[in-house]
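Below is one structure, written out as structure tokens; the observations come after it.
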Amino acid sequence: MDVSTAKKISSLWSSFKGWSRNRSDDRSPILTSAPLEGESYTMEDVFRVAEELQSMDPPGSSPCPETGIQEPIIPVRRRRRGSFIEIERRITLLWSDVWVETKVKRRGKICETICGRREEQPKVILRGVSGFARPGNLIAVMGASGAGKSTLMNVLTQHNLGSLEVRGQVSVTDSIEILPCVGEVSTYIQQEDVFVGSLTVREHLLLQAKLRMSREISLERKMERVEDILEQLSLVKCADARIGNPTTSDGISAGERKRLSFASELLTNPPLLFCDEPTSGLDSYMSQILISMLRQLALEGHTILCSIHQPSSDVYSMFDRLILMADGRCAYQGDIDKAVEYFARLGYQSPDDYCPADFFIDTLSIRPGDEENCNRKVDVLCDAFSCSAEARVIQATIEEEYFQARTEYESSDDIPSRTRSSKASYWQQFSLLLWRCAIDVFREPSLLKSYLVTSIGLGVFLGLLYLNQPYNQSSIQNINGFLFLLVVQISTTTPARVAAVIPNELPLIVREHRGGTYSSACYFLARVFIEVVTHVSQSLITIGIAYYMIGLNRNIFCFLVAVGTTALMTITAVSFGVFLSVASPTSEIALNLMIPIFFLFTLFGGFYMNPLTTPVYFIWVRFVSWYPAVFEILQVNQWATIENLDCELNSTLPCLENGEQVLDKYGYDQDNFVLDVLLVVLMTLGYLMLGGIVIRMRLRGER
Ligand SMILES: Nc1ncnc2c1ncn2[C@@H]1O[C@H](COP(=O)(O)OP(=O)(O)OP(=O)(O)O)[C@@H](O)[C@H]1O
């Protein structure tokens with residue numbers, strides 16, 4: 001590109017930026033195809049920008065849609081499932097006549113016949129709740145314990161509703177169209193923080209930025225964003241400290257963990273935020289800092305709802321709207337500074353020296369021993385609110401917003417297209433998750449050392465136990481014993497170790513997947529890969545040490561086959577472990593299931609029972625257990641090329657003179673070698689596929 005063209009581009013780009021900055025305070029169409037600041041761009045980009053500029057009305061002449069709502073128009077950035085999009089969009093959340101009740105479980109016909117019919121009544125948790133949250137709102141959802149705050153948040157975020165029946169309407173609009181899914185523009189910051197403890201704070205945020213911000217944003221900008229967020233949330237001091245584990249008091253403090261979970265979600269600047277108990281675990285100073293940061297975000301145009309338990313007066317006064325829940329209904333919804341006056345009108349005057357939040361919770365709580373009176377009072381207050389002018393304003397606002405979004409949607413020719421920009425590519429997701437899994441293993445030196453010690457120790461122990469076996473009649477039993485021990489040992493410990501890891505990290509995976517951070521397949525492949533590498537390397541250390549100490553078949557080809565078979569067996573064991581781990585709700589259940597399964601596999605593994613005499617009704621075990629096939633491969637590899645075995649002189653037992661006779665005696669066939677390898681490979685793929693399907697179903701189910 002020559003210098004004059006570069007200058008032209010530069011001046012065109014500067015004028016575009018100036019113009020778009022001027023236009024950021026109106027609702028006119030925005031440039032969707034402009035390259036981002038700091039990114040390289042081509043002539044095509046420039047022409048596209050020029051065309052868009054021409055097609056736009058000059059500054060100031062754009063008609064602003066008549067919304068009828070008098071409020072400042074604030075530019076915000078929009079997020080679509082975790083990506084970062086530089087277009088202006090403000091989100092309004094509407095919910096109308098929401099009812100939630102438990103699903104009635106019907107007994108089966110047989111059970112009903114035996115135990116009798118039982119009429120179960122559904123429990124009603126939310127009763128016709130309506131409301132709205134607009135851009136710029138920082139809303140506190142308060143109420144006594146059991147009032148329905150969490151259920152309301154779950155309905156609005158569409159989380160954890162599996163066992164509940166939900167009726168009513170929840171919509172998100174950007175004043176132009178009704179969006180299909182709240183998850184596309186929102187984030188839910190939950191009370192419990194879950195992290196990979198071996199990462200540092202900065203590494204965690206950078207990983208999240210790489211995974212969740214659009215791939216069109218350069219790495220430098222992502223790093224800048226991370227540094228900004230670190231500063232914004234006062235995390236600079238601990239940026240290079242490990243996050244650690246809350247149960248083992250190493251790592252960052254509880255308050256820093258809380259701020260880190262905010263930082264992770266705010267990286268992508270989502271326009272709609274749900275926060276579950278944002279101040280729990282924080283001291284009053286940190287609570288104020290956090291809520292004032294949310295206040296600032298609201299002023300920038302975010303829409304924010306927080307469920308909160310009895311905030312201090314300072315924190316309370318930072319919210320601008322209040323939703324008071326009681327017995328699944330709404331006792332008040334409106335401006336926070338009008339709440340005291342509203343309750344006073346109903347005859348409930350808050351004492352002057354009392355924090356209004358405490359007063360409302362006291363008024364609406366059901367006191368043990370005085371349930372009847374309290375319930376009556378709550379009913380009266382909720383009935384009063386439903387007939388109040390405030391409730392009518394809410395209903396009118398919902399209808400107006402909904403109608404407006406629909407009308408705009410139907411009439412507008414220029415609805416901003418859904419973004420094409422997406423988060424990290426599948427390859428990036430896979431490599432980033434692989435990096436995180438690897439860090440998790442390699443930053444735990446004690447774990448690595450224990451792996452190394454046990455694999456070397458096992459190799460040396462087995463080597464010493466069967467040291468230098470001569471090729472005679474008694475060594476047949478010893479060598480076969482070693483081969484079977486190897487199969488059993490690797491096949492049982494590997495899945496157990498996998499099961500100790502995966503179920504424990506699933507809550508984090510569910511949360512990240514729900515936030516659209518990565519696909520389940522990328523996580524699954526990365527986790528399987530790292531497990532395969534760690535466990536195969538351990539198995540190879542064991543076989544490498546024991547093989548020559550014992551004096552197994554000296555043929556180098558046979559050694560390589562033994563090593564390859566051990567690696568394949570370990571991969572199969574990992575696949576089985578992964579499948580069982582993702583299919584079990586907890587590590588304990590996975591480990592408990594393994595006990596009978598491995599008992600069965602060992603019994604029919606070929607050592608305790610001649611494979612030719614397996615009862616026909618247990619033949620299926622051969623197709624789910626890799627033990628018999630792997631044992632046969634190892635036997636054939638060991639004995640097929642042994643031409644001479646010494647016979648003991650004074651023995652009355654029949655003598656096996658060569659390896660072929662050994663194989664015949666124990667029911668093994670050299671011709672099965674390839675079939676066995678194929679069977680084990682198919683089993684591995686089968687378990688991997690099952691594991692992949694199960695984790696996909698689980699992650700989808702928990703959405
Ligand atoms: N899945 C469910 N099945 C049965 N009952 C439920 C379910 N979820 C919630 N509830 C009941 O609904 C009521 C409201 O629960 P919710 O968790 O929404 O209250 P909350 O206001 O968030 O309480 P807290 O402040 O104690 O968390 C409670 O009585 C609770 O036991």
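Using N, Cα and C of the backbone, Cβ positions are placed for all residues, glycine too.
Feature list (source: TrEMBL):
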type: DOMAIN; residues: 105-352; note: domain 'ABC transporter'
type: TRANSMEM; residues: 447-467; note: transmembrane segment
type: TRANSMEM; residues: 479-503; note: transmembrane segment
type: TRANSMEM; residues: 523-550; note: transmembrane segment
type: TRANSMEM; residues: 557-583; note: transmembrane segment
type: TRANSMEM; residues: 589-609; note: transmembrane segment
type: TRANSMEM; residues: 616-636; note: transmembrane segment
type: TRANSMEM; residues: 673-695; note: transmembrane segment
Kindly state the mean pLDDT of the domain 'ABC transporter' (105-352) in the predicted structure.
87
Are there at least 3 C-beta pairs under 8 angstroms linking the transmembrane segment (589-609) and the transmembrane segment (479-503), leaving out pairs fewer than 6 apart in sequence?
yes
Per the Cβ under 8 Å criterion, with at least 6 residues separating them from its ends, the transmembrane segment (447-467) contacts 441, 478-479, 481-482, 485-486, 489, 534, 537-539, 541-546, 549-550
Six or more residues out from either end of the transmembrane segment (557-583), which same-chain residues have a Cβ under 8 Å from its Cβ atoms?
486-487, 490-492, 494-499, 501-503, 506, 524, 527-528, 531-532, 535-536, 538-540, 542-544, 547, 590, 593-594, 597, 626, 630, 633-634, 637-638, 641, 677, 680-681, 683-685, 687-688, 690-691, 694-695, 698
For the transmembrane segment (673-695), could you work out the same-chain residues 6 or more beyond its ends whose Cβ comes under 8 Å from its Cβ atoms?
520-521, 523-524, 528, 568-569, 571-572, 575-576, 578-579, 581-583, 622-624, 626, 629-630, 632-633, 636-637
